[in-house]
Amino acid sequence: MGACPPKAKGPWAQLQKLLISWPVGEQDWEQYRDRVNMLQQERIRDSPLLQAAKENDLRLLKILLLNQSCDFQQRGAVGETALHVAALYDNLEAATLLMEAAPELAKEPALCEPFVGQTALHIAVMNQNLNLVRALLARGASVSARATGAAFRRSPHNLIYYGEHPLSFAACVGSEEIVRLLIEHGADIRAQDSLGNTVLHILILQPNKTFACQMYNLLLSYDEHSDHLQSLELVPNHQGLTPFKLAGVEGNTVMFQHLMQKRKHVQWTCGPLTSTLYDLTEIDSWGEELSFLELVVSSKKREARQILEQTPVKELVSFKWKKYGRPYFCVLASLYILYMICFTTCCIYRPLKLRDDNRTDPRDITILQQKLLQEAYVTHQDNIRLVGELVTVTGAVIILLLEIPDIFRVGASRYFGQTILGGPFHVIIITYASLVLLTMVMRLTNMNGEVVPLSFALVLGWCSVMYFARGFQMLGPFTIMIQKMIFGDLMRFCWLMAVVILGFASAFHITFQTEDPNNLGEFSDYPTALFSTFELFLTIIDGPANYSVDLPFMYCITYAAFAIIATLLMLNLFIAMMGDTHWRVAQERDELWRAQVVATTVMLERKMPRFLWPRSGICGYEYGLGDRWFLRVENHHDQNPLRVLRYVEAFKCSDKEDGQEQLSEKRPSTVESGMLSRASVAFQTPSLSRTTSQSSNSHRGWEILRRNTLGHLNLGLDLGEGDGEEVYHF
């Protein structure tokens, strides 16, 4: 009674799944959830057992339990038992009574979506009901039960993601006592959910960073006493991400800094100077198949790019870029420009000869044609051109050999879709290389029309030069602006432009369909009308007019409407759209530049031979830290905030003494013998006793100075961590 309907088998199972999942779309998820909740409440009201469990009605529960016809296994609308209902409403007494009568209820999960697999222990943990958790564990509740329903999956529909196990639920709600209790009863801290996420992965995804950091430390303290060879922090999920890498992908700077604090080793401190060794495990992209830096720059979340400003990532990237990345990138840019000059020269001096056949069409102006293969390489000039063509073809092959493996490694959608990684430029360069090889095939087979692939290849090849603008801080963000304008503003504008051109070109053609084309031939046929309207739209040409003849009246009306809509409205709209895109990208200028540098550095590091790009950092053996690699960073901390803090403490003390000074002014005998305050010692000021005539003005001045100092202190403390000058060594 109240249980879920039996599941269909075979093709009917897929159909049933489709019909069930149909209403659970992004737009209907809230309605679906509300409908489930309504059915659940109706079912609870219809069942005396469930209603008694909800209202903690112990008298009614005892009567029902004594009734042998009462089914303790009856379930609600989502497959929940009476124990689920009692746990949901924090009714400890009702839950205890139910477990005494039917202990097996402690292990029973919910059977229907969206709460499949949820046990009463999951609910008690989420409610942080410690006593109920103890009671459930005492009666054999499973600490390894998994809640796999749609309500517990990581999805935009759900507001929370706590994993599937009770331990991850307890860690996410921040209950240290329940976490310890579950581990004492055998909960596996290395358990993974259907996504492969451990409890550490799930903590990374929580919005409450404070609880997450505390629970992270607690769980690691238990893992340190385990017998596993691999640390829990190094266990990857199904995407190959460890908790540390997941923090980078999600842009969780708080957790990233917390983990880095656990990994750093302070060498020495001397006044404002501090030398620190930072563990580069999982950070350095050298030899990493799934690079942390590449994951950060390719993340869809803007917060991830803030990781690039954190120590030691900022110092590591800066060192690699200045020492290896920038020199190699400039060399690569120079080689590519020379290569394109060679290709362009070969195209300009391609083998041509006079046309053999006679021209029969008066509109045909062709006088030259391409030579056959046997005639193309005869003279000394042809041999020189052959060398350039071989260089061009070899370069195209090298480009494909470098690009194609990365497509399979990263995936086509991510490789071509990430702007920071240079996605559109990868499409351009691969297309260019393919066109060069196509031209070679056409040349070898004596096929006519090689001018078509050559023309496109020249345009695409020279457009690829813009990729190397990312090596310069002034030009790098502009390439991203161009990409966003082309694939964002321009694409939307082209749809509107196509509609307007089709409409007005048809109107112009119909208007001049009955007129003599010799007098005004811009709209004589439909293709010509389309092209002329396109030129008019972009104001390339002026409106066609012939004042020696009478033009159709409808032409004037149509052209006036076209001029207002196209020129005044749509072109200015397009300019405004591009201006908005420029403003938005300009706000992220520094972030985008840093991300471009990181992506370029990782790309070069992956492509270059190891002897040209040695590993960065210091081996831990030199400091007795094992085989891990470290980056040494020297920080110079500004002590001004500390000095201002002492000033503020002095001012606070002076406030307390103001009242005493007022009393001392009434007693002249004690004016000279008062104790010096901390402020007088700190500032070496005159005696704090002041005459009555000077008291008000002096007190006002001290108050202004004190407030300004407090404001300066708050600003200094907010920015104090970033004021230090950092120097990094290897």
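Cβ coordinates are placed from backbone N, Cα and C, and glycine is handled just like the others.
As the structure is a computational prediction, the values presented were derived from the model and not from experiment.
Going by Swiss-Prot, the topological domain containing ASP361 carries a different name from the one containing GLY476, and the two residues are therefore on opposite sides of the membrane.
When ASN358, ASN546 are looked up in Swiss-Prot, the one carrying the note N-linked glycosylation site is ASN358; the rest have no such note there, which does not rule it out for them. In Swiss-Prot, the annotation region 'Interaction with S100A10' applies to 598-602, one of the ranges 508-512, 583-587, 598-602, 678-682. When Swiss-Prot is compared with the stretches 221-250, 701-730, the one noted as region 'Involved in Ca(2+)-dependent inactivation' is 701-730. Panel annotation: around the topological domain 'Extracellular' (349-385), residues 443-444, 446, 448, 450-451, 454 of the same chain, lying at least six beyond its termini, place a Cβ under 8 Å from a Cβ of the stretch.
Counting every protein chain shown, 8 other Cβ atoms lie within 10 Å of the Cβ of ASP542 (Ca(2+) binding site).
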